[in-house]
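Swiss-Prot has this to say about the protein:
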- Glu126: active site, proton donor (ACT_SITE)
- Cys12, Cys96, Cys198: [4Fe-4S] cluster binding site (BINDING)
- His41, His74, His124, Ser226, Ser227, Asn228, Ser270: dimethylallyl diphosphate binding site (BINDING)
- His41, His74, His124, Ser226, Ser227, Asn228, Ser270: isopentenyl diphosphate binding site (BINDING)
- His41, His74, His124, Thr168, Ser226, Ser227, Asn228, Ser270: (2E)-4-hydroxy-3-methylbut-2-enyl diphosphate binding site (BINDING)
Amino acid sequence: MEIKLANPRGFCAGVDRAIDIVNRALDVFGAPIYVRHEVVHNKFVVERLKERGAIFVDELEAVPDDVIVIFSAHGVSQAVRQEADRRGLKVFDATCPLVTKVHMEVAKYSNDGCECVLIGHEGHPEVEGTMGQYDTANGGAIYLVEDESDVEQLEVRDPTRLSYVTQTTLSMDDTARVIDSLRAKFPHITGPRKDDICYATQNRQDAVKQLALECDLVLVVGSPNSSNSNRLRELAERCGTAAYLIDGPEDLDKSWFANCKNIGITAGASAPEVLVRDVIEGLKAIGASAPVELQGQEENISFSLPKELRV
């Protein structure tokens, strides 16, 4: 069995920054450091940070007074920010700058009283944070759609003043179809000048398509609650290749590889490379050869840390 590695794969700049913020805060201020929501959607990463003294909570009401709290890479609503300000909590914001870009778009539409459609997955923390940027006090409204059927049922107040934004970790192909449906139903709808789906999501989806065409089976390293990891698995399957989402080598099932000559491995944007290496070792133990790295899009993007943590 030959192993082929997608390129690029794994951590993106926003995830790197978010994890660095938690680690630097622990270095500078010591434990405990509170983090609202999992800083990134990966079990391994979260457990390592817990071991260092990070405490993950779902809501700010679980955070004591006079402590440091970090907002996750997925972003938070304005209501959460206001609560933190009201309580005087010291906040470090690990929101991905590309999510912040979407937040700013929504805030602009809100201030203009322009209705807004968000394409995204209901219940995902990024979606909750983005929806929470819209203030209906200016007379507008924000709507959430996930697929074309949602668009068919969508009714807005003024279709001549309507815009859309998207969650950053969606399937590019699915999102394009939803946007086409929106444009067909609401010809005056406008969108962002630059696509809201982030560069890392696009690059990893392009890479997994190539991987799926060259392999009998694709393994996506990532946690079940990772949106972008799930999209990679779905995309490989749509290419006609069997695909599995795994947290690590402990999830490997020998029966998957009975008739496989080429096994592809990729990783979601929140999955560390160490897990990929562990999976490779697990495959070698059942007869796989050394991995071959495929050609792919080079990434050299990085995001700066808050000033207090640049030590």
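The backbone N, Cα and C atoms fix where each Cβ goes, and this holds for glycine too.
For the binding-site residues His74, Ser226, Ser227, Ser270, a Cα-Cα cutoff of 10 angstroms around Cys96 ([4Fe-4S] cluster binding site) retains His74. Shown in sequence order, Val40, Glu126, Thr169, Asn225, Ser229, Gly268, Ala269 are the same-chain residues outside His41, His74, His124, Thr168, Ser226, Ser227, Asn228, Ser270 whose Cβ sits within 8 Å of the Cβ centre of the (2E)-4-hydroxy-3-methylbut-2-enyl diphosphate site. A helical conformation is recorded for Ser227 (dimethylallyl diphosphate binding site) in the three-state DSSP classification. Spatial neighbours are here defined as Cα atoms within 10 angstroms of one another, and by that definition the neighbours of Ser270 (dimethylallyl diphosphate binding site) among the recorded positions Cys12, Glu126, Thr168 are Cys12. Distance from the CA of Cys198 ([4Fe-4S] cluster binding site) to the CA of Ser227 (dimethylallyl diphosphate binding site) is 13 Å. Inclusion criterion for the recorded positions Cys12, His124, Glu126, Cys198, Ser226: a C-alpha placed within 10 angstroms of the C-alpha of Thr168 ((2E)-4-hydroxy-3-methylbut-2-enyl diphosphate binding site); this criterion is met by Glu126, Cys198. In terms of Cα spacing, the recorded positions Cys12, Glu126, Cys198 that come within 10 Å of His74 (dimethylallyl diphosphate binding site) are Glu126. Note: the [4Fe-4S] cluster site is recorded as Cys12, Cys96, Cys198; in the same chain, Ala13, Gly14, Val15, Ala73, Pro97, Leu98, Val99, Thr168, Thr169, Tyr199, Ala200, Thr201, Ala269 also have Cβ atoms within 8 Å of that site's Cβ centroid. Site extent for (2E)-4-hydroxy-3-methylbut-2-enyl diphosphate: among the recorded binding residues His41, His74, His124, Thr168, Ser226, Ser227, Asn228, Ser270, the largest C-alpha separation is 15 Å.
Of the listed binding-site residues His41, His74, His124, the Cβ environment within 10 Å is emptiest of other Cβ atoms at His124.
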